[in-house]
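Visitor: Mind looking over this structure? Questions follow.
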(Lines of atoms letter the chains of each structure in order from A; the text may use other names.)
(Lines give C-alpha, C1' and ligand atoms only; values in the text may rest on other atoms or scores of the structure.)
Protein backbone atom coordinates (compact mmCIF):
# COMPACT_ATOMS: atom_id res chain seq x y z
CA UNK A 1 0.00 0.00 0.00
CA UNK A 2 1.37 3.42 -0.92
CA UNK A 3 1.09 6.31 1.49
CA UNK A 4 -1.23 8.20 -0.86
CA UNK A 5 -3.79 5.42 -0.52
CA UNK A 6 -3.92 5.46 3.29
CA UNK A 7 -7.44 5.57 4.68
CA UNK A 8 -7.90 6.91 8.18
CA UNK A 9 -10.67 6.02 10.63
CA UNK A 10 -13.82 8.15 10.65
CA UNK A 11 -14.04 11.47 12.48
CA UNK A 12 -10.33 12.12 12.08
CA UNK A 13 -10.93 15.76 12.90
CA UNK A 14 -11.94 14.76 16.41
CA UNK A 15 -9.44 11.93 16.80
CA UNK A 16 -5.90 13.31 17.14
CA UNK A 17 -4.79 10.02 18.68
CA UNK A 18 -5.59 8.23 15.41
CA UNK A 19 -3.58 10.79 13.49
CA UNK A 20 -0.59 10.55 15.80
CA UNK A 21 -0.72 6.75 15.71
CA UNK A 22 -0.29 6.93 11.93
CA UNK A 23 2.84 9.08 11.95
CA UNK A 24 4.90 6.16 10.68
CA UNK A 25 2.70 6.07 7.56
CA UNK A 26 2.92 9.80 6.88
CA UNK A 27 5.10 10.69 3.88
CA UNK A 28 7.60 13.48 4.23
CA UNK A 29 6.58 16.94 3.00
CA UNK A 30 7.97 17.88 -0.39
CA UNK A 31 11.21 19.71 0.38
CA UNK A 32 12.06 22.90 -1.53
CA UNK A 33 8.64 22.85 -3.16
CA UNK A 34 8.68 24.46 -6.59
CA UNK A 35 5.71 26.75 -7.19
CA UNK A 36 5.05 26.10 -10.87
CA UNK A 37 1.67 27.73 -11.34
CA UNK A 38 1.37 31.44 -10.59
CA UNK A 39 -0.70 32.66 -13.55
CA UNK A 40 -4.40 32.94 -14.33
CA UNK A 41 -5.97 29.74 -15.69
CA UNK A 42 -8.44 30.40 -18.55
CA UNK A 43 -9.41 28.01 -21.34
CA UNK A 44 -6.87 25.42 -20.12
CA UNK A 45 -4.08 27.95 -20.64
CA UNK A 46 -1.85 29.89 -18.23
CA UNK A 47 -2.16 33.61 -18.86
CA UNK A 48 -0.77 36.84 -17.47
CA UNK A 49 -3.24 39.35 -16.13
CA UNK A 50 -4.39 41.95 -18.64
CA UNK A 51 -3.31 44.72 -16.26
CA UNK A 52 0.12 43.23 -15.64
CA UNK A 53 -0.41 43.47 -11.88
CA UNK A 54 0.87 40.84 -9.46
CA UNK A 55 0.39 40.29 -5.73
CA UNK A 56 2.51 38.51 -3.11
CA UNK A 57 1.58 35.31 -1.28
CA UNK A 58 3.01 34.64 2.18
CA UNK A 59 3.85 31.77 4.50
CA UNK A 60 1.90 32.51 7.72
CA UNK A 61 4.30 30.42 9.81
CA UNK A 62 7.20 32.75 9.02
CA UNK A 63 5.64 35.88 7.53
CA UNK A 64 7.97 35.45 4.55
CA UNK A 65 6.89 35.80 0.93
CA UNK A 66 6.48 32.57 -1.05
CA UNK A 67 6.00 33.99 -4.54
CA UNK A 68 4.12 36.51 -6.69
CA UNK A 69 0.81 35.65 -8.35
CA UNK A 70 -0.80 37.22 -11.42
CA UNK A 71 -3.67 39.41 -10.22
CA UNK A 72 -6.92 39.01 -12.15
CA UNK A 73 -9.34 41.92 -12.54
CA UNK A 74 -12.64 42.64 -14.28
CA UNK A 75 -11.13 42.30 -17.77
CA UNK A 76 -9.74 38.88 -16.91
CA UNK A 77 -13.10 37.93 -15.42
CA UNK A 78 -14.79 38.84 -18.71
CA UNK A 79 -12.31 36.60 -20.57
CA UNK A 80 -12.96 33.71 -18.20
CA UNK A 81 -16.73 34.07 -18.52
CA UNK A 82 -16.49 34.10 -22.33
CA UNK A 83 -14.43 30.91 -22.20
CA UNK A 84 -16.92 29.27 -19.83
CA UNK A 85 -19.89 30.31 -21.97
CA UNK A 86 -18.27 28.94 -25.11
CA UNK A 87 -17.53 25.66 -23.35
CA UNK A 88 -21.19 25.50 -22.28
CA UNK A 89 -22.64 26.38 -25.70
CA UNK A 90 -24.96 23.94 -27.45
CA UNK A 91 -23.03 21.40 -29.48
CA UNK A 92 -19.79 21.92 -27.56
CA UNK A 93 -17.62 18.97 -26.56
CA UNK A 94 -18.67 19.42 -22.94
CA UNK A 95 -22.40 19.66 -23.65
CA UNK A 96 -22.34 16.59 -25.92
CA UNK A 97 -20.25 14.52 -23.53
CA UNK A 98 -21.96 11.50 -21.96
CA UNK A 99 -22.79 11.96 -18.30
CA UNK A 100 -20.80 8.83 -17.51
CA UNK A 101 -17.76 10.42 -19.15
CA UNK A 102 -18.13 13.49 -16.91
CA UNK A 103 -18.02 11.10 -13.99
CA UNK A 104 -14.94 9.42 -15.44
CA UNK A 105 -13.16 12.79 -15.67
CA UNK A 106 -13.94 13.55 -12.02
CA UNK A 107 -12.63 10.11 -11.08
CA UNK A 108 -9.47 10.75 -13.10
CA UNK A 109 -9.03 14.07 -11.30
CA UNK A 110 -9.31 12.22 -7.98
CA UNK A 111 -6.63 9.79 -9.18
CA UNK A 112 -4.31 12.70 -9.97
CA UNK A 113 -4.94 14.29 -6.57
CA UNK A 114 -4.04 10.96 -4.95
CA UNK A 115 -0.87 10.80 -7.02
CA UNK A 116 0.17 14.32 -5.97
CA UNK A 117 -1.27 14.13 -2.46
CA UNK A 118 2.01 14.86 -0.66
CA UNK A 119 2.75 17.83 -2.93
CA UNK A 120 -0.71 19.30 -2.41
CA UNK A 121 -0.58 18.75 1.36
CA UNK A 122 2.82 20.47 1.46
CA UNK A 123 1.38 23.37 -0.52
CA UNK A 124 -1.62 23.70 1.81
CA UNK A 125 0.66 23.74 4.87
CA UNK A 126 3.08 26.22 3.32
CA UNK A 127 0.36 28.62 2.16
CA UNK A 128 -2.25 28.33 4.94
CA UNK A 129 -0.17 27.29 7.95
CA UNK A 130 -2.19 24.19 8.79
CA UNK A 131 -0.24 21.17 10.07
CA UNK A 132 0.99 18.88 7.30
CA UNK A 133 -0.44 15.90 9.19
CA UNK A 134 -3.94 17.44 9.02
CA UNK A 135 -3.54 18.59 5.43
CA UNK A 136 -2.53 15.11 4.25
CA UNK A 137 -4.96 12.98 6.26
CA UNK A 138 -7.98 15.27 6.61
CA UNK A 139 -8.08 17.92 3.88
CA UNK A 140 -6.70 15.83 1.01
CA UNK A 141 -8.74 12.80 2.02
CA UNK A 142 -11.83 15.01 1.94
CA UNK A 143 -10.93 16.32 -1.52
CA UNK A 144 -10.53 12.82 -2.93
CA UNK A 145 -13.74 11.53 -1.36
CA UNK A 146 -15.71 14.55 -2.62
CA UNK A 147 -14.50 14.11 -6.20
CA UNK A 148 -15.23 10.38 -6.17
CA UNK A 149 -18.66 10.85 -4.58
CA UNK A 150 -19.83 13.24 -7.30
CA UNK A 151 -18.14 11.18 -10.01
CA UNK A 152 -20.53 8.42 -9.04
CA UNK A 153 -23.56 10.69 -9.32
CA UNK A 154 -22.88 11.99 -12.83
CA UNK A 155 -24.96 9.40 -14.75
CA UNK A 156 -27.60 8.95 -12.05
CA UNK A 157 -29.26 12.38 -12.21
CA UNK A 158 -32.59 11.87 -13.91
CA UNK A 159 -36.11 13.19 -14.11
CA UNK A 160 -39.45 11.41 -13.97
CA UNK A 161 -42.57 10.75 -15.98
CA UNK A 162 -45.73 12.40 -14.65
CA UNK A 163 -49.29 11.10 -15.22
CA UNK A 164 -50.92 14.45 -16.07
CA UNK A 165 -54.58 14.93 -16.98
CA UNK A 166 -55.59 14.73 -20.63
CA UNK A 167 -53.97 13.30 -23.75
CA UNK A 168 -50.45 14.32 -22.88
CA UNK A 169 -47.17 12.65 -22.01
CA UNK A 170 -45.09 14.66 -19.53
CA UNK A 171 -41.57 14.14 -18.26
CA UNK A 172 -38.92 16.21 -16.50
CA UNK A 173 -35.24 16.75 -17.22
CA UNK A 174 -32.55 17.89 -14.78
CA UNK A 175 -30.36 20.23 -16.79
CA UNK A 176 -27.20 22.17 -15.89
CA UNK A 177 -27.70 25.82 -14.99
CA UNK A 178 -24.85 27.19 -17.10
CA UNK A 179 -21.81 29.19 -16.02
CA UNK A 180 -21.26 29.03 -12.27
CA UNK A 181 -19.22 31.65 -10.41
CA UNK A 182 -17.61 30.31 -7.26
CA UNK A 183 -15.72 32.12 -4.51
CA UNK A 184 -13.88 30.12 -1.86
CA UNK A 185 -12.22 30.99 1.49
CA UNK A 186 -8.70 30.62 2.85
CA UNK A 187 -9.32 28.24 5.77
CA UNK A 188 -9.73 25.06 3.66
CA UNK A 189 -8.47 26.18 0.24
CA UNK A 190 -8.32 22.83 -1.54
CA UNK A 191 -11.25 21.17 0.21
CA UNK A 192 -13.54 24.12 -0.59
CA UNK A 193 -12.30 24.04 -4.19
CA UNK A 194 -13.48 20.43 -4.42
CA UNK A 195 -16.77 21.15 -2.61
CA UNK A 196 -17.52 23.81 -5.22
CA UNK A 197 -16.39 22.35 -8.53
CA UNK A 198 -17.36 18.69 -8.03
CA UNK A 199 -21.17 19.04 -7.94
CA UNK A 200 -21.09 21.79 -10.57
CA UNK A 201 -19.13 19.67 -13.05
CA UNK A 202 -21.07 16.53 -12.15
CA UNK A 203 -24.26 18.28 -13.34
CA UNK A 204 -22.62 19.54 -16.55
CA UNK A 205 -22.01 23.19 -15.71
CA UNK A 206 -18.89 25.23 -16.42
CA UNK A 207 -17.03 27.14 -13.72
CA UNK A 208 -15.29 30.44 -13.03
CA UNK A 209 -13.74 30.13 -9.57
CA UNK A 210 -11.85 32.63 -7.41
CA UNK A 211 -9.61 31.30 -4.63
CA UNK A 212 -8.88 33.50 -1.63
CA UNK A 213 -6.05 35.95 -2.27
CA UNK A 214 -4.21 34.56 0.78
CA UNK A 215 -4.24 30.96 -0.48
CA UNK A 216 -4.33 30.63 -4.29
CA UNK A 217 -1.53 28.08 -4.72
CA UNK A 218 -3.39 24.77 -4.43
CA UNK A 219 -6.29 25.98 -6.59
CA UNK A 220 -3.86 26.94 -9.36
CA UNK A 221 -2.13 23.56 -9.07
CA UNK A 222 -5.55 21.95 -9.50
CA UNK A 223 -5.85 23.81 -12.80
CA UNK A 224 -2.92 21.79 -14.12
CA UNK A 225 -4.51 18.54 -12.90
CA UNK A 226 -7.87 19.48 -14.44
CA UNK A 227 -6.18 19.95 -17.81
CA UNK A 228 -4.22 16.70 -17.39
CA UNK A 229 -7.41 14.81 -16.51
CA UNK A 230 -8.88 15.79 -19.88
CA UNK A 231 -11.54 18.38 -19.07
CA UNK A 232 -12.22 20.44 -22.22
CA UNK A 233 -10.93 24.03 -22.42
CA UNK A 234 -13.12 26.59 -20.67
CA UNK A 235 -14.90 24.13 -18.39
CA UNK A 236 -12.92 25.31 -15.34
CA UNK A 237 -11.33 28.76 -15.15
CA UNK A 238 -9.37 29.97 -12.10
CA UNK A 239 -8.99 33.66 -11.25
CA UNK A 240 -6.57 34.56 -8.43
CA UNK A 241 -7.29 38.04 -7.16
CA UNK A 242 -9.08 40.17 -4.60
CA UNK A 243 -12.69 40.07 -3.47
CA UNK A 244 -13.61 43.73 -4.09
CA UNK A 245 -12.38 43.38 -7.69
CA UNK A 246 -12.72 39.81 -8.99
CA UNK A 247 -15.31 38.70 -6.46
CA UNK A 248 -17.46 41.73 -7.21
CA UNK A 249 -17.06 41.18 -10.97
CA UNK A 250 -18.21 37.56 -10.64
CA UNK A 251 -21.18 38.45 -8.44
CA UNK A 252 -22.45 41.15 -10.80
CA UNK A 253 -21.59 39.52 -14.14
CA UNK A 254 -24.62 39.00 -16.38
CA UNK A 255 -22.83 36.13 -18.13
CA UNK A 256 -22.79 34.09 -14.93
CA UNK A 257 -25.94 32.12 -14.15
CA UNK A 258 -25.27 31.03 -10.58
CA UNK A 259 -22.88 32.00 -7.79
CA UNK A 260 -21.71 30.01 -4.78
CA UNK A 261 -19.81 31.69 -1.95
CA UNK A 262 -18.25 30.52 1.30
CA UNK A 263 -17.05 33.26 3.62
CA UNK A 264 -18.16 36.02 5.94
CA UNK A 265 -21.76 37.11 6.44
CA UNK A 266 -20.87 40.70 5.54
CA UNK A 267 -19.50 39.72 2.13
CA UNK A 268 -22.33 37.24 1.61
CA UNK A 269 -24.83 40.09 1.86
CA UNK A 270 -22.93 42.07 -0.77
CA UNK A 271 -22.87 39.08 -3.12
CA UNK A 272 -26.60 38.48 -2.76
CA UNK A 273 -27.29 42.15 -3.46
CA UNK A 274 -25.04 42.15 -6.55
CA UNK A 275 -26.65 38.96 -7.85
CA UNK A 276 -30.08 40.52 -7.51
CA UNK A 277 -29.11 43.81 -9.13
CA UNK A 278 -27.51 42.12 -12.15
CA UNK A 279 -29.40 39.17 -13.61
CA UNK A 280 -31.07 37.58 -10.57
CA UNK A 281 -28.54 34.76 -10.72
CA UNK A 282 -29.08 31.90 -8.31
CA UNK A 283 -27.10 32.19 -5.09
CA UNK A 284 -25.75 29.63 -2.62
CA UNK A 285 -24.19 31.09 0.53
CA UNK A 286 -22.34 29.28 3.32
CA UNK A 287 -21.55 31.98 5.84
CA UNK A 288 -20.25 32.41 9.37
CA UNK A 289 -21.00 30.59 12.57
CA UNK A 290 -20.99 31.01 16.33
CA UNK A 291 -22.03 27.49 17.01
CA UNK A 292 -23.45 26.23 20.32
CA UNK A 293 -22.11 23.01 21.83
CA UNK A 294 -24.34 21.86 24.71
CA UNK A 295 -22.87 19.53 27.34
CA UNK A 296 -25.32 17.87 29.73
CA UNK A 297 -24.26 16.44 33.09
CA UNK A 298 -25.05 12.88 32.00
CA UNK A 299 -22.56 13.00 29.10
CA UNK A 300 -19.28 11.11 29.14
CA UNK A 301 -17.27 14.00 30.57
CA UNK A 302 -13.76 13.17 29.33
CA UNK A 303 -15.06 12.40 25.85
CA UNK A 304 -17.11 15.62 25.78
CA UNK A 305 -14.08 17.65 26.88
CA UNK A 306 -11.95 16.24 24.06
CA UNK A 307 -14.68 16.64 21.44
CA UNK A 308 -15.38 20.21 22.56
CA UNK A 309 -11.65 20.96 22.44
CA UNK A 310 -11.29 19.62 18.90
CA UNK A 311 -14.57 21.30 17.93
CA UNK A 312 -13.16 24.76 18.58
CA UNK A 313 -9.37 24.41 18.16
CA UNK A 314 -9.28 22.33 14.98
CA UNK A 315 -7.57 24.16 12.09
CA UNK A 316 -6.31 26.88 14.47
CA UNK A 317 -9.94 27.70 15.28
CA UNK A 318 -10.40 28.86 11.69
CA UNK A 319 -13.61 26.91 11.03
CA UNK A 320 -17.07 28.22 10.25
CA UNK A 321 -18.34 25.23 12.25
CA UNK A 322 -16.24 25.99 15.34
CA UNK A 323 -18.17 25.12 18.51
CA UNK A 324 -17.13 28.31 20.24
CA UNK A 325 -20.16 28.73 22.52
CA UNK A 326 -19.85 25.78 24.89
CA UNK A 327 -22.83 25.56 27.26
CA UNK A 328 -22.10 23.27 30.21
CA UNK A 329 -24.68 22.12 32.75
CA UNK A 330 -24.07 23.79 36.11
CA UNK A 331 -23.39 20.65 38.16
CA UNK A 332 -20.34 19.69 36.04
CA UNK A 333 -19.25 23.19 35.02
CA UNK A 334 -16.18 23.58 37.25
CA UNK A 335 -14.83 20.12 36.42
CA UNK A 336 -15.42 20.65 32.70
CA UNK A 337 -13.51 23.95 32.84
CA UNK A 338 -10.63 22.38 34.76
CA UNK A 339 -10.27 19.51 32.30
CA UNK A 340 -10.62 21.84 29.29
CA UNK A 341 -7.86 24.11 30.56
CA UNK A 342 -5.60 21.12 31.18
CA UNK A 343 -6.24 19.91 27.61
CA UNK A 344 -5.58 23.32 26.08
CA UNK A 345 -2.28 23.65 27.95
CA UNK A 346 -1.14 20.32 26.45
CA UNK A 347 -1.74 21.49 22.90
CA UNK A 348 1.42 21.58 20.81
CA UNK A 349 1.79 24.81 18.81
CA UNK A 350 4.57 24.95 16.27
CA UNK A 351 5.81 24.53 12.73
CA UNK A 352 3.21 23.07 10.36
CA UNK A 353 5.85 20.64 9.09
CA UNK A 354 6.62 19.17 12.52
CA UNK A 355 4.48 15.99 12.63
CA UNK A 356 3.79 16.47 16.35
CA UNK A 357 2.29 19.95 15.83
CA UNK A 358 -1.43 20.24 16.62
CA UNK A 359 -1.82 23.98 15.98
CA UNK A 360 -0.13 26.17 13.40
CA UNK A 361 -0.32 29.94 12.82
CA UNK A 362 -3.32 32.08 12.00
CA UNK A 363 -3.63 32.99 8.34
CA UNK A 364 -2.28 36.56 8.42
CA UNK A 365 -1.54 39.63 10.54
CA UNK A 366 -5.05 41.04 10.12
CA UNK A 367 -6.67 37.90 11.51
CA UNK A 368 -4.02 37.65 14.24
CA UNK A 369 -4.76 41.18 15.43
CA UNK A 370 -8.53 40.64 15.29
CA UNK A 371 -8.28 37.55 17.51
CA UNK A 372 -6.07 39.27 20.08
CA UNK A 373 -8.43 42.27 20.16
CA UNK A 374 -11.41 40.00 20.85
CA UNK A 375 -9.47 38.18 23.57
CA UNK A 376 -8.78 41.54 25.21
CA UNK A 377 -12.48 42.41 25.00
CA UNK A 378 -13.29 39.21 26.90
CA UNK A 379 -10.91 40.20 29.69
CA UNK A 380 -12.29 43.75 29.76
CA UNK A 381 -15.91 42.57 29.90
CA UNK A 382 -15.26 40.31 32.89
CA UNK A 383 -14.73 36.79 31.56
CA UNK A 384 -12.07 34.76 33.38
CA UNK A 385 -9.01 34.07 31.26
CA UNK A 386 -8.06 30.53 32.28
CA UNK A 387 -5.08 30.11 29.96
CA UNK A 388 -3.45 31.57 26.87
CA UNK A 389 -4.54 34.95 25.62
CA UNK A 390 -1.33 36.11 23.97
CA UNK A 391 0.58 35.85 20.76
CA UNK A 392 3.61 33.60 20.81
CA UNK A 393 6.94 35.39 20.59
CA UNK A 394 8.19 34.00 17.30
CA UNK A 395 8.03 34.67 13.59
CA UNK A 396 4.63 34.13 12.05
CA UNK A 397 1.14 34.59 13.41
CA UNK A 398 0.91 32.13 16.31
CA UNK A 399 -1.54 32.55 19.21
CA UNK A 400 -1.66 30.59 22.46
CA UNK A 401 -4.61 28.19 22.88
CA UNK A 402 -6.99 30.31 24.94
CA UNK A 403 -9.80 29.31 27.31
CA UNK A 404 -12.34 31.64 28.96
CA UNK A 405 -14.73 30.68 31.75
CA UNK A 406 -17.51 32.70 33.41
CA UNK A 407 -18.57 33.89 29.99
CA UNK A 408 -22.02 35.47 29.62
CA UNK A 409 -24.19 35.76 26.53
CA UNK A 410 -23.83 39.54 26.25
CA UNK A 411 -20.03 39.51 25.87
CA UNK A 412 -18.49 40.08 22.46
CA UNK A 413 -16.58 36.79 22.64
CA UNK A 414 -19.94 35.01 23.03
CA UNK A 415 -21.57 36.84 20.12
CA UNK A 416 -18.92 37.48 17.47
CA UNK A 417 -17.18 34.93 15.28
CA UNK A 418 -13.57 34.95 16.48
CA UNK A 419 -12.15 32.47 13.95
CA UNK A 420 -9.23 31.63 16.19
CA UNK A 421 -8.04 29.31 19.00
CA UNK A 422 -10.36 30.71 21.66
CA UNK A 423 -12.76 28.57 23.71
CA UNK A 424 -15.62 30.22 25.60
CA UNK A 425 -17.35 28.14 28.31
CA UNK A 426 -20.77 29.22 29.59
CA UNK A 427 -23.01 27.57 32.19
CA UNK A 428 -26.71 26.65 32.12
CA UNK A 429 -29.31 25.17 34.48
CA UNK A 430 -32.21 23.80 32.41
CA UNK A 431 -32.77 22.38 28.95
CA UNK A 432 -35.40 24.96 28.02
CA UNK A 433 -33.07 27.76 29.08
CA UNK A 434 -30.10 26.51 27.06
CA UNK A 435 -32.22 25.94 23.95
CA UNK A 436 -33.41 29.55 24.04
CA UNK A 437 -29.92 30.91 24.65
CA UNK A 438 -28.30 28.73 22.00
CA UNK A 439 -30.78 29.92 19.37
CA UNK A 440 -30.39 33.58 20.34
CA UNK A 441 -27.76 34.27 17.70
CA UNK A 442 -27.47 35.82 14.27
CA UNK A 443 -25.77 32.59 13.15
CA UNK A 444 -27.30 29.17 12.57
CA UNK A 445 -24.79 26.94 10.83
CA UNK A 446 -24.25 23.97 13.15
CA UNK A 447 -24.92 22.90 16.74
CA UNK A 448 -24.02 19.95 18.95
CA UNK A 449 -25.33 18.22 22.06
CA UNK A 450 -23.59 15.74 24.34
CA UNK A 451 -25.84 13.55 26.48
CA UNK A 452 -26.61 9.89 27.15
CA UNK A 453 -30.35 10.65 27.32
CA UNK A 454 -31.92 10.05 23.90
CA UNK A 455 -34.94 12.20 24.80
CA UNK A 456 -32.72 15.18 25.57
CA UNK A 457 -30.71 14.57 22.41
CA UNK A 458 -33.76 14.48 20.15
CA UNK A 459 -35.49 17.39 21.88
CA UNK A 460 -32.46 19.64 21.58
CA UNK A 461 -31.58 18.59 18.02
CA UNK A 462 -35.10 19.31 16.78
CA UNK A 463 -35.17 22.68 18.55
CA UNK A 464 -31.84 23.97 17.26
CA UNK A 465 -31.98 26.62 14.53
CA UNK A 466 -29.06 25.16 12.61
CA UNK A 467 -28.47 23.36 9.34
CA UNK A 468 -26.55 20.53 11.01
CA UNK A 469 -26.80 19.12 14.54
CA UNK A 470 -24.28 16.62 15.89
CA UNK A 471 -25.16 14.33 18.79
CA UNK A 472 -22.21 13.04 20.83
CA UNK A 473 -19.75 14.02 18.10
CA UNK A 474 -18.38 17.13 16.45
CA UNK A 475 -17.23 18.09 12.95
CA UNK A 476 -18.55 14.78 11.61
CA UNK A 477 -18.71 16.06 8.04
CA UNK A 478 -18.71 13.83 4.98
CA UNK A 479 -19.35 13.93 1.26
CA UNK A 480 -22.65 12.04 1.48
CA UNK A 481 -24.59 14.38 3.80
CA UNK A 482 -25.80 17.91 3.03
CA UNK A 483 -24.20 20.90 4.72
CA UNK A 484 -25.46 24.46 5.03
CA UNK A 485 -26.91 27.02 7.38
CA UNK A 486 -30.30 27.85 8.80
CA UNK A 487 -29.54 31.52 9.38
CA UNK A 488 -25.96 31.42 8.11
CA UNK A 489 -26.68 31.63 4.40
CA UNK A 490 -28.90 29.58 2.12
CA UNK A 491 -28.76 26.44 0.03
CA UNK A 492 -26.89 23.21 0.67
CA UNK A 493 -23.58 21.76 -0.40
CA UNK A 494 -22.56 18.10 -0.48
CA UNK A 495 -24.72 15.00 -0.64
CA UNK A 496 -27.56 14.57 -3.10
CA UNK A 497 -28.96 17.93 -1.98
CA UNK A 498 -25.85 19.62 -3.38
CA UNK A 499 -26.85 18.56 -6.90
CA UNK A 500 -30.07 20.57 -6.70
CA UNK A 501 -28.06 23.78 -6.36
CA UNK A 502 -26.45 23.16 -9.76
CA UNK A 503 -29.36 21.96 -11.89
CA UNK A 504 -32.65 23.23 -13.28
CA UNK A 505 -35.77 21.11 -13.64
CA UNK A 506 -37.39 21.37 -17.07
CA UNK A 507 -40.89 20.04 -17.75
CA UNK A 508 -41.55 18.65 -21.24
CA UNK A 509 -45.13 17.87 -22.32
CA UNK A 510 -46.04 16.08 -25.57
CA UNK A 511 -49.52 15.95 -27.12
CA UNK A 512 -50.44 12.33 -27.81
CA UNK A 513 -53.42 10.80 -29.67
CA UNK A 514 -54.80 9.01 -26.65
CA UNK A 515 -53.93 8.67 -22.99
CA UNK A 516 -53.71 5.11 -21.66
CA UNK A 517 -53.05 4.21 -18.05
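Every residue, even glycine, has its Cβ placed from backbone N, Cα and C.
Feature list, courtesy of Swiss-Prot:
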ACT_SITE  286  active site, proton acceptor
ACT_SITE  320  active site, nucleophile
BINDING   184-186, 210-213, 264-266, 366-370, 417  NAD(+) binding site
SITE      187  site 'Transition state stabilizer'
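Explain the structural surroundings of these features, please.
Guide: Just so you know, the Cβ of residue 286 (active site, proton acceptor) picks up 27 other Cβ atoms within 10 Å once every protein chain is counted.
Around residue 320 (active site, nucleophile), the C-beta neighbours below 8 angstroms that are at least 6 residues distant in the chain are 187, 262, 286, 287, 288, 289, 417, 445, 488. In the three-state DSSP scheme, residue 320 (active site, nucleophile) is classed as coil.
In the structure as shown, the Cβ atom of residue 211 (NAD(+) binding site) sits within 10 Å of 28 other Cβ atoms.
Classification of residue 187 (site 'Transition state stabilizer') by DSSP places it in coil, neither helical nor stranded.
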Visitor: Report, as a single number, how many Cβ atoms besides its own are within 10 Å of the Cβ of residue 187 (site 'Transition state stabilizer').
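Guide: Excluding its own Cβ, residue 187 (site 'Transition state stabilizer') sees 23 Cβ atoms within 10 Å.
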Visitor: Indicate whether residue 286 (active site, proton acceptor) is helix, strand or coil by DSSP.
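Guide: The three-state answer is strand.
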Visitor: Could you tell me which three-state DSSP class residue 370 (NAD(+) binding site) falls into?
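Guide: Looking at the DSSP assignment, residue 370 (NAD(+) binding site) belongs to a helix.
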Visitor: Out of 366, 370, which of the binding-site residues is least crowded by other Cβ atoms within 10 Å?
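Guide: Minimum Cβ neighbour count within 10 Å, taken over the binding-site residues 366, 370, occurs at 366.
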